[in-house]
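These come from TrEMBL:
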- B:1-34: region 'Disordered' (REGION)
- B:9-20: compositional bias 'Basic and acidic residues' (COMPBIAS)
- B:74, B:75, B:90, B:91, B:115, B:116, B:136, B:137, B:138, B:139: S-adenosyl-L-methionine binding site (BINDING)
């Protein structure tokens with residue numbers, strides 16, 4: 001019996017070989033083409049390579065779609081799309097408001113202005129264009145909100161502990177920045193703490209700047225709502241528990257109330273420093 | 001230095017400029033000529049850069065190749081055009097989606113979604129005694145990967161490796177990184193030639209070596 005990918009595989013069915021290609025292992029390579037011909041898996045070398053090609057293509061296709069369909073990847077795409085939609089909508093909004101201001105007297109500022117313009121009845125060709133343009137921006141804003149709803153629905157099933165701790169959107173951002181829930185679960189908490197602050201981190205490593213205290217987790221109330229001199233501690237405590245949450249979510253997937261209580265207590269202690277008045 | 005290109009790789013004229021090219025189905029929007037040759041963009045391919053610089057790769061055409069770090073298949077598509085059986089290993093799912101497309105148009109290219117740091121996970125597929133091991137993995141520990149994959153290479157085979165300094169250590173001087181990599185290769189490989197690829201790829205070192 002050999003470790004070869006074709007051992008026990010049906011020569012006429014690429015998917016049985018594909019499964020072995022994905023799951024199998026061997027301690028060392030060998031002259032597989034010759035072995036395959038000797039074992040009767042293939043008629044000759046050309047036939048072997050043809051079968052190998054069919055099986056590797058099937059294996060690669062299956063493995064890619066499985067990994068890409070994985071829910072954590074969907075969450076990462078959704079949050080990036082949400083950010084794109086928001087950024088683009090804001091960009092369009094600026095143009096709409098600026099343009100509309102030359103045609104109408106009473107244009108509210110910002111995104112309210114865009115919704116206001118989109119709802120108007122154009123009377124001239126120029127108004128028609130600006131209203132149509134505003135409509136696109138509004139559609140994009142709605143899409144952004146739909147994406148957020150999608151993330152809020154999905155995140156708690158994919159990562160229950162992270163979602164409870166960080167909120168669905170920040171959870172999606174952390175997964176996206178780490179490159180997947182698996183990667184996040186394998187990251188040390190120091191990495192989780194500065195995810196999203198890569199520029200500052202590399203500036204620090206080059207010796208040009210102090211080490212960043214927090215990355216994208218700054219958007220959470222636990223960090224932002226803590227007074228400046230305690231933010232480093234808050235970010236460290238928060239990141240520590242987040243990385244534990246990521247590991248539970250990835251390796252077991254069940255909800256553990258105790259880690260949330262522990263974090264809440266720790267945060268209360270850190271914030272109590274402000275009331276005690278010590279520096 | 002040498003200017004012997006492998007059979008199946010030619011310098012041909014595209015838009016009035018002499019460029020490397022191979023014959024095959026176009027992959028990434030590269031220019032093609034009337035005879036079915038497609039330009040091999042040395043700025044998008046480390047191996048292309050090594051050939052363009054005239055490094056003696058030992059390639060003659062028709063080799064069995066193990067290519068680590070195939071990414072979307074830009075370079076490996078050219079390799080498969082002039083080589084024999086070509087095993088393409090790539091770790092990230094997204095580029096493998098493109099790589100599968102490249103492989104579908106070639107009958108000697110075998111895509112593998114595997115981690116080059118873990119050769120046992122594909123040793124049951126990739127044959128022993130390959131003629132050429134091409135390495136373009138942008139990960140830390142590039143020398144370790146080369147040493148671990150030594151087992152696939154025939155005794156008179158060649159390692160063609162592009163080392164990316166910034167993958168090892170963003171803050172270190174590239175020359176120091178390259179010295180460390182060469183030191184780590186030393187026990188397993190005899191270094192035949194090295195050249196900076198900076199003309200095409202910043203902070204990359206091209207290495208030609210053979211197993212010890």
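The backbone N, Cα and C atoms fix where each Cβ goes, and this holds for glycine too.
Heads up, TrEMBL stuff is auto-annotated, nobody curated it.
Shown on the structure are the features that TrEMBL records.
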| residue | record | Cβ contacts under 8 Å, 6 or more apart |
| --- | --- | --- |
| B:74 | S-adenosyl-L-methionine binding site | B:27, B:28, B:41, B:44, B:45 |
| B:90 | S-adenosyl-L-methionine binding site | B:69, B:70, B:71, B:96, B:99, B:111, B:112, B:113, B:114 |
| B:115 | S-adenosyl-L-methionine binding site | B:91, B:121 |
| B:136 | S-adenosyl-L-methionine binding site | B:46, B:47, B:67, B:68, B:69, B:70, B:71, B:75, B:161, B:162 |
| B:138 | S-adenosyl-L-methionine binding site | B:69, B:164, B:167 |
Problem - Maximal Cα-Cα distance (Å) across residues annotated as binding S-adenosyl-L-methionine, namely B:74, B:75, B:90, B:91, B:115, B:116, B:136, B:137, B:138, B:139 - result: 19
Problem - residue B:138 (S-adenosyl-L-methionine binding site) in three-state DSSP notation - result: coil
Completion exercise
Per DSSP (three-state), residue B:74 (S-adenosyl-L-methionine binding site) is helix
